[in-house]
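According to TrEMBL, the protein carries these features:
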| type | residues | note |
| --- | --- | --- |
| DOMAIN | 663-773 | domain 'U3 small nucleolar RNA-associated protein 13 C-terminal' |
| REPEAT | 108-149 | repeat 'WD' |
| REPEAT | 150-193 | repeat 'WD' |
| REPEAT | 194-234 | repeat 'WD' |
| REPEAT | 380-413 | repeat 'WD' |
| REPEAT | 425-467 | repeat 'WD' |
| REPEAT | 484-516 | repeat 'WD' |
| REPEAT | 526-567 | repeat 'WD' |
| REPEAT | 568-609 | repeat 'WD' |
| REPEAT | 610-642 | repeat 'WD' |
Amino acid sequence: MADTDPAAAVPVRFKSNYAATRKIEPFYKGGRIQISRDGKFMFCPCGSKVNVVDVETGALLHSLQQEEEEDVTAFVLSPDDEVLVTGSRALLLRRWHWREPSCGRTWRAVHTAPVATMAFDPTATLLATGGCDSTIKIWDMTKHYCTHNLKGSSGVVHLVEFHPDLSRLQLFSSCIDYKIRIWDLSSSKCLAVLEGHFSAVTSLAFADGNSLLSSGRDKICMVWDLETRQSKRTIPVYETVEAAVLLPEKGDFSQLGVKKQGLHFVTAGSKGVLRVWDVATAACVHSQAVPFTLREEPSEHSLSQCQFVPARNEILTVSVEHNIVFYDAHSLQLRKQLTGYNEEVLDVKFLGPGDSHIVVATNSPQLKVFELATSHCQILYGHTETILALDVFRKGLMFVTCAKDRSMRVWRMGKAGRVTCVAQGLGHAHGVGAVACSRLKESFVVTSSQDCTIKIWNIPESLTSKAKAALISSPEPLHARVTERGHDKDINSVAVSPNDKLLATGSQDRLAKLWSCSDCSLLGVFSGHKRGIWCVQFSPVDQVLATSSADGTLKLWGLRDFSCLKTFEGHDASVLKIIFVSRGAQLLSSGSDGLLKLWTIKTNECVKTLDGHEDKIWGLHSNKKDDMVVTASSDSCITLWQDVTEIEEKEAQAKQEEQIMKEQELSNLLHEKRYLKALGLAISLDRPHTVLTVVKAILREPEGRRHLEENIVRLRRDQKEAVLAFLVTWNTNSRNCHEAQAVMETLLKHEAPDSLLQFSGIKSAVESLLPYTGEALWGQAWAGGADLERDHGVGWGGRGRSVNAALPWQGHLPPSQAAPSPVQPVLGHSRDQPQLLWAPCARAAHPPREQFLIPNIPSIAALWQWEPFPVSCPSIPCPQSLCSSPGAPLGLEVSLERSLLQAGHSQPGCTGQGRVLLPPPCP
């Protein structure tokens, strides 16, 4: 089975990574859809959020997500398209600026049960909310308060509408008692109750100032005179009506049977077809042609919504299967179709000569074909039960599907991208679960079923010829050429070899088998998997078969001796699909854990694991160029993956070249002693050692400390944050602690406390600096105490290593206060806790063992925010003023007497507040 592709002479480029470039995910799960006034945006409720969708491309732009993650029960868009209001099960109303998107205001709905419906008045200043608590609230959206509380409805209020005439100030509502109520907002009273429907009222439409059209699930529409408040006409429509839409008075609707002036409206309901009615004659003047058989009872074709979109001159319908369809308003011809929810996706394949489409099998009898450029979706009818699998012929124009209805169907794509069914095959005794097409020519199809049989179907030439296929008006019947019982259990997968001479099957009986395509004779058995086999695939270049199993492994088998050549282990769950990529040099597998894995066959190595789904990945297919993969999962999502190996290699090469250039530039800057630019460049390289090298170079210069201070001060804030993170690392090494302390001194000296507190990672940096600063400088203190005192202002005393690095400024108690000696603040430890120590200077008369401790420094700001406060202690000659952090938490402040007792120095009579510990008095 040698590869005849001329590209085989080109060296194989191994893949290293895929990136998800697009995701077709659920954006609508039921509820009322709204369109913006300009017709460009569509607002779809989806659980706890409202999705904003671009109508032209079908792309999800952004989502308005509820914070409490409660489902959205109702929402409405203002007439001016500026504001969107949502109501949730948490009994909250939210006002959204949906273009940003951001929530502008949240308030309680006042209702005692969730809001079921909403409506704005024409000026967008009043909002009506109908609740499940039988009440209606009117809200002033300008002053933000509830203006009316209308009571009197029976049960859930599911419909509210303002009268379009502002002078009337009327609100119309309906609830589950099947009545329509008219409310006068001037008096907050119910003016009238319109009775006539015998089931739920589903829509209200105002024909003019004095006429109202209502539709109901009682299979009638009614026209009301609002002056007399009586019914003018009752129109039986013979189906459960979910929406009735009035046609505009202006416009040519002759194609819809509108021959004269008068009221005409379109109904949508349980039959799944749009029909046009003349109010004057109460007759249906036009019925839309549909590609399925009409049923009297509700079905998957039933429509749940219908509205006229003036900006697009289209009619929008929504089906119970969440399919959103736009029709031309003058002819009811299909313009655009989107799918809001796919349920569980069972299989997916690229389709079209340039892989411009994907065909998707969901948990439904309908097949969906997506145009990738526009997200336009064709819904194909034919199967009567769930479609289980599909496969595409090499040219990409024809494909085959199989379903639980025990049939297989052949479909063909025309020039305009329209897909039609051209053939149908019946014969299996149970649902058909796997299908494979011939590889070289469009000559035959192989199917396998739960009845454990394999069937080979010949494709007649009339179906493969474009000219002849265009003349086919109904699907041609196909008959199986060969039928063979292949396994003892369900056959999960079937594959045809690249030369069309062999076929392989994989079954729940843990066996894979090799067959001859000519007569379906058994050639060999592949035995070795411990659980059922989910997928089999032939290599495009070698005489090798790949299998994947529920035991979590992939295996490669030789076709000559049927031996296992390699086993790939790495999945923690069943491996559902496998395909060969990189011209047979690599494998891509998908599992029931939602993971994709890329394997290199030669090394048995898993190169990459991709996490793009939350549930079983049933569908996996690569395009003809081998640079894109599509996956489909039980999480209702379809993901397109782009091979980014070459892109990443180029980026890495460009980054490496840029790094080399920067390093050379850094070397030049150091040579020229342009230290500020050198520091900035070293920080941008994110190399702590390189920054340290620059700091050392500056310090080696005459007046290096001053130059360092000047350069550090001129850095940007983000650069200072990076330097702070670097010096934490330097400070752990005694060789570099001098430079770390010099940089830290500059930061503490020139940064305000509030500014320093805003630094990223300041808390962890201080916690890391304190212990290592002590370790490093204690040793240096013994080695050169006088120099250390002179250079760093360090004092020491007491037992053990209780004194560490000093702050970069000398601290003395205020001269006006009586102090025993000059003191200076230093960082230190006491019982392994970070402390601030007020230690006497070495030149002071007091012994060095005396010190005042302020424990548990919470942050670097506490080292700065010292304010005097009085402390009275008659028995101890202590300073009359000590310091505390006014910003410290109140829970950390204790009385002086308690502090003394905790320190083991009980001195009754001492009073005062502050986080202060005093040692024994000076001798």
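Backbone N, Cα and C define each Cβ position, glycine as well.
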Problem - Secondary structure content of the repeat 'WD' (610-642), with strand meaning DSSP E or B - result: 0 helix, 19 strand, 14 coil
Completion exercise
Averaged over the repeat 'WD' (150-193), the pLDDT of the predicted model comes to 93
Handout entry: the repeat 'WD' (380-413) - residue tally per DSSP class, helix then strand then coil
Key = 0 helix, 20 strand, 14 coil
Problem - Structural state census, the repeat 'WD' (484-516) (DSSP three-state) - result: 0 helix, 20 strand, 13 coil
Completion exercise
Sequence-distant residues near the repeat 'WD' (484-516) by C-beta distance (under 8 Å, 6 or more away from its ends) are 1, 3, 433-441, 443-444, 446-450, 452-454, 522-527, 529-538, 540, 545, 547, 549, 557, 559, 562
Exercise for the section: For the repeat 'WD' (108-149), could you work out the same-chain residues 6 or more beyond its ends whose Cβ comes under 8 Å from its Cβ atoms? Expected result: 73-80, 82-83, 85, 87-89, 91-93, 95, 155-162, 164, 166, 171, 173, 175, 183, 185, 188
Completion exercise
Other same-chain positions with a Cβ less than 8 Å from the repeat 'WD' (150-193) and lying at least 6 residues past its termini are 116-123, 126, 128-132, 134-138, 199-204, 206, 209, 212, 214, 216, 218, 224, 226, 229
